[in-house]
Structures are given as structure tokens and as C-alpha cells.
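Enquirer: Would you mind keeping the following structure in view while I ask a few things?
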Amino acid sequence: MGQSHSKGNSGPGDSLQSYPSFSRSDTKESLRSLRGSIRSKIRSSDSPRGSTAGLSDDKSDAASVKSTTSRRSSTNQSVQSPDDTPSQPDAPEPPPSPSLSSSLKRGHKDVNAMQQSGEVDHVSDVPPTGAAPTGPSTQKVGESILIKRENQLNPILDFIMNAPLETSGSPGMGMGALKSIDLDDMISRLLDAGYSTKVTKTVCLKNAEIMAICSAARELFLSQPALLELSAPVKIVGDVHGQYTDLIRLFEMCGFPPASNYLFLGDYVDRGKQSLETILLLLCYKLKYPENFFLLRGNHECANVTRVYGFYDECKRRCNIKIWKTFIDTFNCLPIAATVAGKIFCVHGGLSPSLSHMDDIRGIARPTDVPDYGLLNDLLWSDPADMEEDWEPNERGVSYCFGKKVIMNFLQRHDFDLVCRAHMVVEDGYEFYQDRILVTVFSAPNYCGEFDNWGAIMSVSGELLCSFELLKPLDSTALKNHIKKGRKERNSMLSSPVSPPLLRFVVAKEDHNLFVQHRRDACGLFLAYPSLVTSWGISR
């Protein structure tokens with residue numbers, strides 16, 4: 001895990017706010033304590049506990065649930081922070097995540113060389129066509145990929161389920177009133193905001209609408225298990241970190257929902273300039289397509305982390321602190337991990353010494369904050385590493401690093417073929433770990449305007465062939481030009497006169513936000529050769 005910066009070509013105007021560059025000093029507070037490394041960067045008067053204390057007397061706030069066991073227990077209820085929080089410096093330090101891969105030292109791979117070696121089958125500015133062995137998908141658009149099981153373990157804290165969901169006193173915007181037509185309008189406004197290329201002082205949605213979205217999403221997350229079991233095909237997305245225009249580029253390249261099924265691995269907020277639009281669009285798509293669009297929890301979907309690294313400040317500046325608190329309540333309900341076709345284990349961070357059975361994940365009671373230690377902490381924070389030992393303290397200052405033997409034993413024990421995770425900046429957007437037993441996917445290109453990294457999305461076909469689609473790193477000027485072109489195409493499609501039958505089709509597409517999937521300034525990279533599929537054993 002190297003620490004060198006990429007050869008970024010962007011100017012200082014591209015970097016986020018005033019956050020400095022990454023350094024190892026961010027993570028040397030303690031060995032495995034999440035709050036140990038976070039608290040030193042938070043003023044006592046601005047701690048998440050202090051920020052929410054005066055907002056409401058509602059005791060259902062999941063972020064304030066006290067732990068009933070010891071700190072080293074693997075339970076996943078939160079442990080309250082002490083009151084004597086150390087002072088925070090005026091300029092917040094960068095987050096202890098994502099870590100930087102050693103690929104950032106080596107530079108981008110030579111795509112031509114990769115093609116000659118057989119690793120890359122297709123590189124183009126348009127989708128793979130003709131003989132590309134993707135295989136036809138038998139799944140219909142909008143068909144559920146969520147595998148449901150009777151009497152599935154899914155513990156929910158009773159006092160949370162019995163508590164009324166807060167809607168900011170707006171009777172017309174309760175969860176029952178959040179209808180499909182409301183979601184369509186909200187999605188349209190959010191996309192309009194993205195295509196405008198402007199970061200506005202306020203959000204395009206009203207506070208009452210944001211509260212309603214969060215309340216509905218909260219209940220939906222709790223209705224689905226903490227360990228999602230999904231079928232293929234699906235596109236797996238890594239860290240996004242508030243890079244809203246890049247998220248729109250991602251949907252342009254891979255297909256707006258429900259044309260494609262999606263599984264996001266977490267880290268939707270912090271660092272980027274438009275975390276609010278990013279998480280709101282994702283939540284709206286989750287509500288619109290609940291069994292085709294899935295969001296896992298990342299280590300940044302946490303009160304303490306968002307308080308330090310940007311999202312709290314953005315909510316306070318553009319909405320209010322109560323909106324931030326509502327998002328935290330929603331984050332505390334997110335699912336933790338997922339499996340794809342019973343062969344690919346997906347999680348934000350990595351593995352845990354506390355994980356012996358998949359029921360350990362299913363048994364995580366929600367809503368829950370991220371505890372100091374234990375299973376949930378490790379799943380969101382741990383990293384793979386080239387080392388002889390099975391486990392060792394993570395240099396982030398939180399959780400562990402794990403070696404090849406741990407991964408191999410995990411795959412064999414649970415009959416998986418691949419671990420797919422995010423949580424780490426990698427130069428080419430994706431990076432395999434030894435013998436392709438684990439892959440890191442990072443989907444925020446030109447991360448923070450500081451790294452010249454690509455963004456990647458891993459596509460898993462119905463036949464379990466794995467491919468990667470890449471988002472080219474663009475500086476702020478190139479990104480604006482790209483979005484303007486996309487806006488023109490979108491407006492042209494929406495305003496073009498069509499015959500009645502085609503009009504009905506276009507209306508249906510607009511209803512599902514299926515706009516033209518152009519891949520300008522993006523690269524489709526396809527990995528599908530027999531030896532790869534055979535070595536993974538990813539087959540029916």
C-alpha cells in the first residue's frame with residue numbers, strides 16, 4: 001500500500017475545499033480503535049454527540065444507542081463517545097481512508113500490452129460488440145435480483161421499529177405519501193442539477209423531501225437483510241465520495257437504472273463537493289427500484305467520520321444539522337455485505353477474524369453505529385496486504401490487515417471464488433490481489449482532484465463472466481465539457497418529436513430515467529477469457 005501521489009494534471013482549483021494531501025500521520029493514533037483515530041480531530045463542542053444532543057428529545061436516534069457489552073465484543077451496537085474529546089485543529093486533516101495502493105507508484109497499466117498478453121479482450125470508446133463473449137442476458141429489465149428466503153435472520157432493534165419515522169412535521173411528505181411520481185420528479189431535478197455543472201448553495205430538493213427520502217429508505221433498508229443475496233447480472237461500484245458528475249458519467253456509461261442492476265460498496269459521501277446530491281440520487285434510485293439497486297455501508301457512512309471529513313459541514317452549510325442527523329439515522333440501517341450468485345463476496349473493507357459464518361453478518365442488529373472493535377468495524381475498515389502473517393494491525397489505525405492465507409481459507413470455507421471490495425484508491429480503478437482471489441474496485445476517477453486514477457465498475461454477467469468498465473480521469477474543465485455534451489444529448493432526446501408508438505417508449509424511458517448511454521471519454525475494458533473464469537470457478 002504505497003503512499004505516493006499520482007501524476008495528477010489538475011490544478012489547485014480541482015481539489016476539494018482545503019483538505020491537505022494524504023499522509024501516514026493520519027493513522028498512527030492507536031492500533032485498532034476507530035474513534036481513537038477520529039476523536040483527536042473533532043472539537044469537543046462539535047462532536048457528533050454534542051451536535052445532535054439539542055436537536056430532538058427523540059431517543060430513537062440509533063447513533064446514540066449504548067453498547068450492552070464490552071468494547072472488545074463483536075457486537076455492533078455503538079459505544080458512546082466520552083465527553084472529554086480532544087480539540088480539533090482549524091483545518092481538518094484528511095481521512096484515514098481510503099488507503100493508497102502501491103499501484104499509484106507504478107503508474108497506469110499499458111493497455112496495449114494488456115491486450116497483447118490476453119488480459120484485456122476489448123478496449124474501446126463504445127460498448128463491446130460482435131463476438132465479445134459477454135453472453136446474452138435472460139433477465140428482463142426491472143426483474144428482481146434479490147434472493148429472498150423464508151425466516152431469514154434479520155434482527156431489528158424493537159424500539160426503532162416501534163418509533164415513528166420523523167418527517168419534519170410535514171404531513172404531506174410522510175413515507176406513505178412518497179409515491180412513484182414524487183420520486184420521478186426528484187430524480188429529474190437531481191439529474192438536472194448534475195447536468196447544470198454548478199454547485200449551488202442550496203440543494204434542489206426541499207428539506208421535507210430529503211427527510212421523506214431518508215425515512216422511506218431507512219424502512220426499506222431494514223426490510224432487507226444485512227447480508228444481501230443477489231443473482232447476476234449486476235454491476236459493482238466502489239467508492240464515489242461525493243463526486244456527483246462522475247456518478248452521472250458512470251450511469252451514462254453503464255446504464256441508468258433499471259437498464260442495469262447495481263450494487264454499490266459504500267463511501268458515498270465526504271471529500272467530494274456534492275455529497276448531498278450523490279447520496280440523494282442513490283437513495284431515490286433505491287426507493288424506485290428496491291430489488292435491482294443496492295447500497296452497502298462504507299466506513300464513511302458513520303457519524304464520527306462524516307463529522308470530520310466534509311459531509312457534516314456540507315449538510316450544515318446547505319441544509320441544516322438536523323438533515324445530517326437524519327442521514328446518519330439512515331446510514332445506521334444500511335446493509336453490510338452481499339453475495340452475488342453465491343460465488344462473489346462483496347463488502348466495503350475486507351474480512352474479519354470475528355467472521356466464522358455468514359450468519360454472523362446476518363445477525364448484526366440494525367440500526368447501529370460503527371463500534372470501536374469487532375465484526376462490523378472490520379468489515380468496513382480492514383485491508384488486504386502482502387505479508388506472511390494472517391492478521392496484523394492496520395496502519396490506518398483502525399482494524400486489521402489480512403494476508404493471502406486468510407483469504408484462501410475464507411473462500412474455501414464459504415465456497416466463494418472471489419472477494420470484491422473497495423476502500424482503497426487504485427491507479428487503474430481496479431486491482432487484483434494475488435492469483436485473482438480478491439479485487440479492489442474504486443469508482444471515483446481523479447479522486448479529489450489530486451490523483452490521476454481511473455474509476456472502475458465491475459460487471460458480472462448472467463454467466464458470471466467478470467468485466468471492467470473504466471471512467472477516464474478528467475480535470476474540472478474536461479469534466480464540465482463532458483457533462484455539457486451529455487446535457488445536450490439528454491435535452492435533445494427529451495424534446496425530439498416522435499411518432500406515437502415511439503413516444504410511448506420514450507415516456508417509459510423517461511419514467512425510468514434511461515437516457516442515451518454514450519461512452520464518450522470513457523473506456524470499456526472487458527476481461528473474459530476461459531482461463532480466468534475457470535480459475536475463479538465462477539460458473540453455473
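Placement of Cβ uses the backbone N, Cα and C atoms for every residue, glycine included.
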Enquirer: Tell me which of 120-140, 477-497 corresponds to the region 'Disordered' entry in Swiss-Prot.
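Expert: Of the candidate stretches, Swiss-Prot labels 120-140 as region 'Disordered'.
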Enquirer: Quick check on the annotation: Swiss-Prot has Asp267, Asn299, His423 binding Mn(2+) 2, so which of His348, His357 does it put in that site too?
Expert: His348
Enquirer: Does DSSP put Asp239 (Mn(2+) 1 binding site) in a helix, in a strand, or in coil?
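Expert: Note: Asp239 (Mn(2+) 1 binding site) is in a strand by DSSP.
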Enquirer: Count the other Cβ atoms sitting within 10 Å of the Cβ of His300 (active site, proton donor), across every protein chain shown.
Expert: 29
Enquirer: What's the CA-CA gap between His241 (Mn(2+) 1 binding site) and His300 (active site, proton donor) in angstrom, rounded?
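Expert: Per the Cα atoms, His241 (Mn(2+) 1 binding site) and His300 (active site, proton donor) stand 9 Å apart.
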Enquirer: Could you state the CA-to-CA distance between Asn299 (Mn(2+) 2 binding site) and Asp239 (Mn(2+) 1 binding site) to the nearest Å?
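Expert: Rounded to a whole number, the Cα-Cα distance is 10 Å.
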Enquirer: Round to the nearest Å and give the CA-to-CA distance linking His300 (active site, proton donor) with Asp267 (Mn(2+) 1 binding site).
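Expert: That separation, Cα to Cα, works out to 5 Å.
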Enquirer: Distance check, please: Cα of Asp267 (Mn(2+) 1 binding site) against Cα of His423 (Mn(2+) 2 binding site), rounded to an integer number of angstrom.
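Expert: Each residue's Cα considered, Asp267 (Mn(2+) 1 binding site) and His423 (Mn(2+) 2 binding site) end up 8 Å apart.
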Enquirer: Counting across all protein chains present, how many other Cβ atoms fall within 10 Å of the Cβ of Asn299 (Mn(2+) 2 binding site)?
Expert: 28
